[in-house]
């Protein structure tokens, strides 16, 4: 922290992480390193399967490979820095590093939400309008949906970062988290945060609530269409088509709600940090397993790819 006149220029923050007990640090390092490697490897395998097998060159797997890429980036935004801090027994993150981490966190969390909405729309078209699926979900529309998702996420991230850069911080520079989270940084500010809170809550309603409404609407229509199917086998096939996506959506929004409730209902900041692990680390790690465990196409594509390499 560098002082100049009456102004305070922040040079670094302290990330408190989970525990200050030294005996737990090797365990935490091994745990999060393992989870990070599983996340990267699992999502890379999904991308590899979607690229290598021409049978998987469909809208569903195009969106899934994009989601896997975003999950890798999402985990890489936070976990490597946390591992470095644990290994070096340091809690320090520079001001520029903190703003950068916050910027990418906001970018990828919103992009995750938008891509899940796009995938819900894809499921809706596949089940409710199967005869027109290939016409509606054209390569041009698929590319446009992903592009718009990226643009909206980048613009929101830039806006959140710009208004955060206008904040002044006091002497309390401890972030009770393992990464620089937007809400925690606003709480640390000693200047007026009205604009920041307005922008943050407006973006949350628009870019988190909006996609959730879209997903719920899509699944309401999907359930109505499935109920109209006469055969039991047809109903089972339709349900199995969207089961994986519905599981991922439930985990994503369920853990997000858990983090929000834990931060508002408890004063234990470390418990909030632990709850956020489910949201930021565990969910990207589970996604490849959820999509591949019951997916014969992905299993077949990976088996064929590795057999071809032998």
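In case you wondered, yes, glycine gets a Cβ from its N, Cα and C as well.
A quick note: this is a predicted structure, and the numbers were derived from the prediction, not measured.
Feature annotation from Swiss-Prot assigns topological domain 'Extracellular' to 1-26 (among others).
Feature annotation from Swiss-Prot assigns N-linked glycosylation site to 6; the stated evidence is sequence analysis.
The transmembrane segment annotation in Swiss-Prot covers 27-47 (among others).
According to Swiss-Prot, the feature topological domain 'Cytoplasmic' maps to 48-55 (among others), an assignment based on sequence analysis. Within its own chain, the topological domain 'Cytoplasmic' (48-55) is flanked in space by residues 61-62, 64-65, 297-298, 300-302, 304-305, which lie at least six positions past its ends and keep a Cβ under 8 Å from the stretch.
The feature transmembrane segment is assigned by Swiss-Prot to 56-76 (among others), with sequence analysis given as support.
As annotated by Swiss-Prot, topological domain 'Extracellular' applies to 77-100 (among others), with the evidence given as sequence analysis. Confidence in the topological domain 'Extracellular' (77-100), given as mean pLDDT, stands at 93.
Other Cβ atoms within 10 Å of the Cβ of residue 190 (disulfide bond) number 12 in total over all chains. The annotation disulfide bond is assigned in Swiss-Prot to 98-190.
Counting only same-chain residues 6+ beyond the ends of the transmembrane segment (101-121), those with a CB under 8 A from a CB of the stretch are 60, 63-64, 66-67, 70-71, 73-74, 77-78, 81, 93, 145-146, 149-150, 152-154, 156-158, 160-161, 164, 179-182, 185, 203, 207-208, 211-212, 214-215, 218-219, 245, 248-249, 252, 280. According to Swiss-Prot, the transmembrane segment annotation covers 101-121 (among others).
For 122-140 (among others), the entry in Swiss-Prot reads topological domain 'Cytoplasmic', with the evidence type sequence analysis.
Long-range neighbours of the transmembrane segment (141-161) within the same chain, counting only residues 6 or more positions beyond its ends whose Cβ lies under 8 Å from a Cβ of the stretch, are 59, 62-63, 66, 99, 102-104, 106-108, 110-111, 114-115, 118, 121, 182, 199-200, 203, 207. Taken from Swiss-Prot, the feature transmembrane segment covers 141-161 (among others).
The topological domain 'Extracellular' annotation in Swiss-Prot covers 162-198 (among others). Under DSSP, residues within the topological domain 'Extracellular' (162-198) fall into helix, strand and coil as 16 helix, 4 strand, 17 coil.
Marked as transmembrane segment by Swiss-Prot: 199-218 (among others).
Per Swiss-Prot, the feature topological domain 'Cytoplasmic' maps to 219-238 (among others). Long-range contacts of the topological domain 'Cytoplasmic' (219-238) within its own chain (CB-CB distance under 8 A, at least 6 residues past either end) are made by residues 120, 123-124, 127-128, 246.
Feature annotation from Swiss-Prot assigns transmembrane segment to 239-259 (among others).
Annotated topological domain 'Extracellular' per Swiss-Prot: 260-272 (among others), in sequence order, evidence recorded as sequence analysis.
The transmembrane segment annotation in Swiss-Prot covers 273-293 (among others) and is backed by sequence analysis.
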Exercise for the section: Please list, for the topological domain 'Cytoplasmic' (122-140), how many residues fall into helix, strand and coil according to DSSP. Expected result: 16 helix, 0 strand, 3 coil
Problem - C-beta crowding around residue 98 (disulfide bond), within 10 angstroms - result: 23
Completion exercise
Checking 27-47, 56-76, 199-218 against the transmembrane segment (273-293) for Cβ pairs under 8 Å, the most are found for 27-47
Problem - Mapped DSSP class for residue 98 (disulfide bond), helix or strand or coil - result: helix
